[in-house]
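Down below is the structure, laid out as structure tokens.
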Amino acid sequence: MSTKTVLDLIIDFLIEERKVVYATVAFSMAALYDHIITLDAEIDHIWLRRSKITLVRVLFLINRYMGEVALLYTAVSLLYNTDTGPNRVSREPMKFVGWAGSTVLWSMQGIMAFRISSMYHHKRAIIATLCAGIATEIITIIVILSIAFSNTLPSPIPSFIPVCGLDQASGLYWYYWIPVFFFECLMFSLALRKAIEYSGGFRGIKNSVISARQRPIIYVLFRDSITFPFLALSLCTINFIAFRFIPATAIQASVILSIFIARILGCRLLLNLREAYYGAFGDEFDERPAVPIFFAHQNSRGR
């Protein structure tokens, strides 16, 4: 059984790190492409609206542009450190990505939370629950990141290797996903509850004949207000598990993927639903999404 030398381990690490660089560049380009193909919808729904500036519009702009800045900054930092940097300067880029990525996540959750509040006609109990949940998450994450960034240790990778890597305190970042997981569970459960109420319960699946006012629950469950929180919860669950077991290079890729998906979900929820975003859950079925989430041309008769 062969044993890898230190040089072999370094080479393997550099190969994996280069894959992270490629993934970061790919996600950055995908975000820019998404921006281009949805720019007309952004102009119509955000910039040309004569109504006063709202919190949702601010969250949309933060999510859209901060997400792209975080992805592009990470891509440039990794490319610079990998190709030309004689010394690693991982700490500052990592701090920026941590705080910027968290801001993108919070803006996405704010957009989803407002949508869920609209589904419940902005009942005070729902608003109070959502506000308490996201406030608890934000405070907890700020504490976790502050501790993690203030106690970082030098990476065990030899200093002569020009690469940007995670530090030895990366184990603390696993706790980051605990408050996110609970808040995502809260939002998804509220959205799912409204979907079940709207469809008349799970018995709708068994009914072969559905009245004109009812919708098959399968159709209801695949609407954006349900699908998007489910995707966010799925991403959080994967990270919650992965951060505990995967290597440092894979964690870097997971962070970039999380920023990218948060950027896409936040913007697309608002752009897909348009005016139905601000209405009750039933309004969503009368509003045909103008912009599909897929990065491909689709038949205009689609859904």
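Each Cβ is built from the backbone N, Cα and C atoms, and glycine gets one as well.
Listed in TrEMBL for this protein:
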type: DOMAIN; residues: 22-67; note: domain 'DUF6533'
type: TRANSMEM; residues: 20-37; note: transmembrane segment
type: TRANSMEM; residues: 58-76; note: transmembrane segment
type: TRANSMEM; residues: 96-114; note: transmembrane segment
type: TRANSMEM; residues: 126-149; note: transmembrane segment
type: TRANSMEM; residues: 174-196; note: transmembrane segment
type: TRANSMEM; residues: 217-243; note: transmembrane segment
type: TRANSMEM; residues: 249-271; note: transmembrane segment
Cβ-based contact of the transmembrane segment (20-37) with the transmembrane segment (96-114), 3 or more pairs under 8 Å:
no
Sort out for me which stretch, of 96-114, 126-149, 174-196, has the most Cβ pairs below 8 angstroms to the transmembrane segment (58-76).
96-114
Which residues of the chain, 6 or more past the ends of the transmembrane segment (96-114), have a CB below 8 A from one of its CBs?
55-56, 59-60, 62-63, 66-67, 69-70, 73-74, 130, 134, 137-138, 141, 145, 148-149, 180, 183-184, 187, 228-229, 232, 255, 258-259, 262-263, 265-266, 269-270
For the transmembrane segment (174-196), find every same-chain residue at least 6 residues outside the stretch whose CB is under 8 Å from a CB in it, and list them.
105, 109, 112-113, 116, 119-120, 126, 129-130, 133-134, 136-137, 140-141, 144-145, 148, 202, 217, 220-221, 223, 225-226, 229-230, 232-233, 236-237, 239-240, 243-244, 281
